[in-house]
Amino acid sequence: MDPALLREREAFKKRAMATPTVEKKTKTERPPPPPPSDDSKRKMRPPTAPKLDATTYKTMSGSSQYRFGVLAKIVKFMRTRHQDGDDHPLTIEEILDETNQLDIGQSVKNWLSGEALNNNPKIEASPCGTKFSFKPVYKIKDGKALMRLLKQHDLKGLGGILLEDVQESLPHCEKVLKNRAAEILFIIRPIDKKKILFYNDRTANFSVDDEFQKLWRSATVDAMDDAKIDEYLEKQGIRSMQDHGLKKPVPKRKKAANKKRQFKKPRDNEHLADVLETYEDNTLTLKGVNPT
């Protein structure tokens, strides 16, 4: 081997030994933690809410939504039952049996029989308070009762009757309206598109001239109130409308009771009462004596 290379090798070793170096320690791997025991798993597990099934949900008496759901189902059943012609009252147990709600809690049952059904405007309680029936808007049972009601509204000027109120009150309504179609007028209200029933009074039927109909339809008073209409009629010299319409009640004045006037005696000369009496007696005697 070349001696020059050997000398360079020895010089390199000396320089390497003279230079300080820092050794890097290798990281030692930690052992994995032991697996948790069954007791620790139970402690770390979060509490879970109890499962709700059909039975537990129906027994929750504190849910107001559930209570009113039961009440709404009862009212709907009673309305349908009345429209089918069954109007005899039922007890709370019979109603719950018919609506398949016998599994409700006792608190809900007490609330229905003691408060909810008695205060509901669509349910009528019997005098004893233990039976309930549907309370319709109008007490009508057949077509004759419906026609009497429409005639009374027509004679008294009360206007028409909503079709939905008749359908709710009259059993077998569609059949009755079909048989009485010639005696009833159906008008659609433009505000909400609801049908209104009126009595068809055939004695009031008369023919109107076409020219008068055109004049009537050409006169628009939608944007005018009663005061403007009265002012217009007065300018045209028409005063026949003054006796029509609503009259304002004039308050009547109470007459004072006629009391007899009582003259008060003078109180200033009470201490001279005896002197006045003697004076009056003397004057009377002097007037009765004739002068000589």
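The backbone N, Cα and C atoms fix where each Cβ goes, and this holds for glycine too.
Keep in mind that TrEMBL annotations are predicted by a computer and have not been checked by a curator.
Source: prediction; values computed, not measured.
Per TrEMBL, region 'Disordered' is recorded for 1-55 (among others).
With a cut-off of 8 Å between Cβ atoms, none of the residues of this chain six or more beyond the compositional bias 'Basic and acidic residues' (1-13) come close. Taken from TrEMBL, the feature compositional bias 'Basic and acidic residues' covers 1-13.
On the 0 to 100 pLDDT scale, the domain 'TFIIE beta' (59-141) averages 87 in the predicted structure. The domain 'TFIIE beta' feature in TrEMBL is assigned to 59-141.
Per TrEMBL, the feature region 'Disordered' maps to 240-267 (among others).
The compositional bias 'Basic residues' annotation in TrEMBL covers 247-264.
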